[in-house]
Amino acid sequence: MSAFSPTPTPVLPGYECQLSSDAVAHSSQKLDSTLLDFSHVPPSRLQKLPSTLSETLAYRCTCGFQIIDSSQLPPPSFPPKSDPSSSTHNLVYCMRNNFTPVSLLTDRFPIANNLIQKTMESLIIALREVFKADKEHAAVGNLTSCKFVSSWDEREIFVTFSYSDTISNSSEWLNFFRPLLPLHNITSLTARFQKQSLSLGREIKKINDRIVIKGTEIIYEKPEDAFCHPNRETMEKALEWLCDKIGSVKNGRILEMYCGSGAHTIALARCVEIEKILCVEIDQRLVDYCNSNIVKNNVQDKVKCVKGDAGKISSRLMRRRMKGGVENSTSPLDFVERFNCLLVDPPRSGLDGSVKKLAMSGEFEDMFYVSCGRSALVEDLKVLCEVFEVESLCVTDLFPRTDSVETLVHLKKKKKE
Ligand SMILES: C[S@@+](CC[C@H](N)C(=O)[O-])C[C@H]1O[C@@H](n2cnc3c(N)ncnc32)[C@H](O)[C@@H]1O
């Protein structure tokens, strides 16, 4: 246990639903409120998957905190007056709330997954000890914040500490942290300062991960510092929903836009009977990881990933279709002659205009839209529903205890009157 005794009620700065509130009701209510945006859809086509109580805790795979000397914090948040063991100077985890750092009042952020919680606690205890002895020690002098990223399966954890100034005594930093890696099972530990870094553990910041979807184990490699789904349970729910629905598409020839490192792509190729997937991603690093995941999961006969801007690729595809195809083409765009299904998981801002035009070109009988951007989805659907109708729509709790929702939509091309 920590030598420092926190108060019994941790705070969740910036979260709408605190630990003392009814998180299950909060989850259900926010999903109901999201469904109000789709009141034009027949209720039988709407579904909500609210979080259970356990799903509202210990779910986040990525977390960042400031690390602050408690004596620098504005009263009365810290140190708790009722806690006789707390000294004036103590390193504590904080998060910003309206630009003000707020102590978590705990060494284990209850929303972070269990591996992150355990690592947070071990490291802050070690840091406090050295801070007590020497505030200028390389490990704690100028230390401002830290970031934890864990794999979904909670077997690997990457920790990054940020410092506001150069670490001049790098051997002191390395000697302090080196024994902590094997002791606490930390995969990789990095210090960042002034555009430089020091690192221990795995050199390539690649997370090895796996999830089980419908009894099939899928393995993933992903970069530690790029977008990846932060909530394993919501991710699994979304993947199972997608696999069920896309499984109902006959001879699925799927064009997937915004594929990242292939979180959806690989699960679909492994778990669903489909013919082909061509997936598109703008970030070369994610394309490389996606290609590696395609090979690792042995789905290279069905899946190809290309680097490109979803909007530009959509325009190119439409031009090709107008020309009637390109003879003897080796372009990945001609990987399948015609697609019948479009899958998109765009950034919060929604779909590029050209992607919408392509979606509405008539090529796709089915379209699947994964959205974390509530208002962009509503706007995009207004346009898409000129050609499609909502076959089913499911809302899931992306970040329990916050207002974030992930919406999954299956659109079907309207039948000609
Ligand atoms: C919400 S993430 C979805 C990633 C992936 N489906 C997953 O679940 O891991 C959106 C992805 O779109 C990519 N992206 C953003 N703008 C893009 C564009 N114009 N063209 C293609 N990809 C883009 C981002 O790099 C990111 O990987």
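Here, residue 1 is simply the first one shown, and the rest follow in order.
Cβ atoms here come from the backbone N, Cα and C positions, even for glycine.
Feature list (source: TrEMBL):
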type	residues	note
ACT_SITE	C372	active site
ACT_SITE	C372	active site, nucleophile
BINDING	Y258, E281, D345	S-adenosyl-L-methionine binding site
For S-adenosyl-L-methionine: widest Cα to Cα gap among Y258, E281, D345 in Å: 11
Pairwise Cα distance for the residue listed as 'active site'/D345 (S-adenosyl-L-methionine binding site) [Å, integer]: 8
Y258, E281, D345 excluded, remaining Cβ within 8 Å of their centroid (S-adenosyl-L-methionine): E256, M257, C259, G260, C279, V280, A310, V344, P346
Other C-beta atoms that fall within 10 angstroms of the C-beta of E281 (S-adenosyl-L-methionine binding site): 25
Assigned conformation of E281 (S-adenosyl-L-methionine binding site) - DSSP reduced to three states: strand
